[in-house]
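Undergrad: Okay, here's the structure, questions in a sec.
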Amino acid sequence: MDEVIIATKNEGKAAEFKTMLAPLGVKVRTLLDFPEIEDIEETGHTFEENAVLKAEETAFALQKMVIADDSGLSIEYLGGKPGVYSARYAGEQKDDAKNIQKVLQELKGVPHEERSARFHCALAIAAPGQETITVEGTVEGIIAEKPEGMGGFGYDPIFIVKDKGKTMAQLTKEEKNKISHRANALNKLQLLLQHEDSVFRGNKEDR
Ligand SMILES: O=c1nc[nH]c2c1ncn2[C@H]1C[C@H](O)[C@@H](COP(=O)(O)OP(=O)(O)OP(=O)(O)O)O1
Ligand SMILES: [Mg+2]
């Protein structure tokens with residue numbers, strides 16, 4: 001595997017995948033390098049379903065092996081919202097600042113101990129004629145009262161990482177990429193591909 005295509009147009013995710021995959025010495029490209037691929041509708045009800053949709057449609061369009069990431073924030077007090085709607089929680093235009101404001105408004109006055117949340121990252125790896133594989137990673141946290149920190153992207157400034165007592169946006173890139181939902185999912189995927197290294201050779205009938 002000398003090249004990996006990540007089926008995302010999210011610059012924050014793209015940067016994290018590039019950093020995390022750098023030690024493997026593989027070239028990483030994303031959909032930002034393939035502007036001709038149109039937006040894929042995320043019609044699934046779970047992160048996993050959406051990751052599979054994005055990976056399979058992109059693998060078919062490019063006729064290459066592709067990894068897709070569907071991720072988001074699940075807040076216990078809100079019954080799991082924004083969940084699969086995280087990117088467009090405050091409107092179609094995907095605005096991180098507005099999404100954060102909406103969440104903080106909905107949690108206004110809610111005490112610390114009822115502000116539990118979890119980031120999810122589902123990864124799907126698909127290739128033409130192969131069975132798609134999925135994994136999921138999570139990280140536990142608490143929703144802050146106000147945004148803190150400049151790092152990361154998305155909801156990072158309001159997500160206090162349980163084991164760190166700091167928001168995800170206050171961690172260094174290296175720290176985030178060690179403990180994040182995305183790092184956990186990617187580690188699982190790497191383990192799976194190591195143990196089943198036949199997966200991306202031959203087609204599924206051969207296995
Ligand atoms: O590490 C993270 N730190 C903070 N926020 C995060 C993170 N990971 C996902 N998120 C949020 C951003 C977005 O509101 C949603 C992902 O939505 P999601 O559909 O998976 O991605 P997207 O539409 O931005 O790009 P794409 O579908 O092209 O990969 O969850
Ligand atoms: Mg999306």
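In case you wondered, yes, glycine gets a Cβ from its N, Cα and C as well.
TrEMBL: automatically predicted annotations, no manual curation.
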Undergrad: Report the candidate from SER71, SER74 that shares the substrate site with THR8, LYS9, ASN10, GLU11, GLY12, LYS13, PHE153, GLY154, TYR155, ASP156, LYS176, HIS181, ARG182, as recorded in TrEMBL.
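TA: TrEMBL names SER71 for this substrate site.
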Undergrad: Please check the binding-site residues THR8, GLU41, SER71, ASP156 against ligand 1 and give me the ones with CB under 6 A, sequence order.
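TA: List returned for ligand 1: THR8, SER71, ASP156.
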Undergrad: Determine, from DSSP, whether HIS181 (substrate binding site) sits in helix, strand or coil.
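TA: Note: HIS181 (substrate binding site) is helical by DSSP.
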Undergrad: Identify, among the binding-site residues GLY12, GLY154, the residue whose Cβ has the fewest other Cβ atoms within 10 Å in this structure.
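TA: So among GLY12, GLY154, the binding-site residues given, the one with the fewest Cβ atoms within 10 Å is GLY12.
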Undergrad: For ASN10 (substrate binding site), which of the three DSSP-derived states applies: helix, strand, or coil?
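TA: The residue in question, ASN10 (substrate binding site), is coil (DSSP, three-state).
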Undergrad: So the record assigns THR8, LYS9, ASN10, GLU11, GLY12, LYS13, SER71, PHE153, GLY154, TYR155, ASP156, LYS176, HIS181, ARG182 to substrate. If I measure every Cα pair among those residues, what is the longest distance in angstrom, as a whole number?
TA: 20
